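Going by TrEMBL, these are the annotated features:
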| type | residues | note |
| --- | --- | --- |
| DNA_BIND | A:17-56 | DNA-binding region |
| DOMAIN | A:80-181 | domain 'CoA-binding' |
| BINDING | A:Gly91, A:Ala92, A:Gly93, A:Asn94, A:Leu95, A:Gly96 | NAD(+) binding site |
2 protein chains.
Amino acid sequence: MASNQNISMAVIRRLPKYHRYLRELLDKDVKRISSKELSEIIGFTASQIRQDLNNFGGFGQQGYGYNVEDLYNEIGKILGLTKNYNTIIVGAGNLGQALANYASFGRFGFNLVGIFDINPKLIGLKINNVEVRDMDELKAFASETPVDIAYICTSRSGAQDVADALMECKIKAVWNFAPVDLKVDDDVIVENVHLIDNLLTLTYFVKEQ
Amino acid sequence: MASNQNISMAVIRRLPKYHRYLRELLDKDVKRISSKELSEIIGFTASQIRQDLNNFGGFGQQGYGYNVEDLYNEIGKILGLTKNYNTIIVGAGNLGQALANYASFGRFGFNLVGIFDINPKLIGLKINNVEVRDMDELKAFASETPVDIAYICTSRSGAQDVADALMECKIKAVWNFAPVDLKVDDDVIVENVHLIDNLLTLTYFVKEQ
DNA sequence: TAGATTGTTAATCGATTAACAATC
DNA sequence: TAGATTGTTAATCGATTAACAATC
């Protein structure tokens, strides 16, 4: 697996889906699968599956197909799931609290190490055994505890200030739930979950019915 | 605005972003904008903006550009924001509760009319003034109250059963937060928010740093 | 009118699909 | 070996960008 620079975003966004389906096959004790069989359950063409996988290496074997467990592990590696990630949540409102309690993340190696807010009413509260701290403490906290990923769960208006604060703390990855496109340095990675954008895509089609 | 069948998904997914930026311009009292100016703030090429908009009609004026308010309203219409939508939440766990409390949806015309769960501990609880009902009551409820959109906030294992129940109730639009690809009839629209898939896209890039 | 900017066609670019030689 | 299926090249399809005539 080379350190690939030129993999298209379309391919990268399919990888978690491969990972998810391979996990299911593994749970069903399926040992091998061909691109054609996988095609039928995952909904991509067999050709696309082979193309996608060959961006990262030749994981299959001619005449046989792919070993499910090996492929699952390889895709896990590609997605960076061989290490753990320290995460913090900024914004301890409804969504922040929901994410703090979302157990599934732990299974993938995401460890919640801190929660921050500016609301005095929330500071001190314990959510899923993690105490909510004052945003003012972020810099000191980050200098002691390495933070790999920050989830921004603030309002739209507060999000850019949070992003700026995170950059001061040298936090390089942001999972942004605020409905705004953050301005960040080139070395900071942002992944957006724009819920309202997503919901409006749904109404576009509902309206047409 | 014709009832367009052949608009590509890529275009449709950009519409909420246009809507969001036009709203901001409107709030700043900007009256007119050219595709070139919009291009600079939204990050699409001017050419793409003109192409996108012309899928739905000629909203601009040569030599002038686009009237911000008119364009905002037109895109709102295209996205189906001229009507209200009755919504229900199925699964009153952390995420379901967070969505129930998420005030922003109301502003766009989404009215939460019901919350359902199978957990006896949650049934009867009031969240944002809406009582959690037993899943068994869904069918009777849906026959009395028209439901436009259902948000599935259950675990992975429960989601397909919920989708089946929704189809029995003739609910035609699903916003799915469970990490699974639902099997639904052709006339049912599903929009997925696969949080873990999204987070793994982030780790793909974090890993590479 | 002259300048500006759209609407739209044509060119380019990138992603998906098809085909097939390589090989297990 | 013969059959199956990959890895990979070539063909197709679709989306984005460029160019420019139309027109406000």
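Even glycines carry a Cβ here, placed using N, Cα and C.
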Secondary structure composition of the domain 'CoA-binding' (A:80-181) [DSSP: H/G/I, E/B, coil]
35 helix, 29 strand, 38 coil
How many other Cβ atoms sit within 10 Å of the Cβ of A:Ala92 (NAD(+) binding site)?
25
Among the binding-site residues A:Gly91, A:Ala92, A:Asn94, A:Leu95, which ones place their CB within a distance below 8 Å of a chain B CB?
A:Asn94, A:Leu95
Residues outside the DNA-binding region (A:17-56) whose C-beta sits under 8 Å from one of its C-beta atoms, at least 6 past its ends, are 1-2, 4, 7, 11, 64-69, 71-72, 74-76, 78-79, 81
Starting from each candidate's C-beta and looking 10 angstroms out, tell me which of the binding-site residues A:Gly91, A:Gly93, A:Gly96 has the most other C-beta atoms.
A:Gly91
Across the DNA-binding region (A:17-56), what are the DSSP residue counts per state (helix, strand, coil)?
28 helix, 2 strand, 10 coil
Return the residues near A:Leu95 (NAD(+) binding site), defined as same-chain residues 6+ apart in sequence whose C-beta is under 8 angstroms from its C-beta, sorted by sequence, else 'none'.
A:Cys153, A:Phe177
Which whole-number mean pLDDT does the model give the domain 'CoA-binding' (A:80-181)?
97
Once the chains shown are all counted, how many other Cβ atoms turn up within 10 Å of the Cβ of A:Asn94 (NAD(+) binding site)?
20
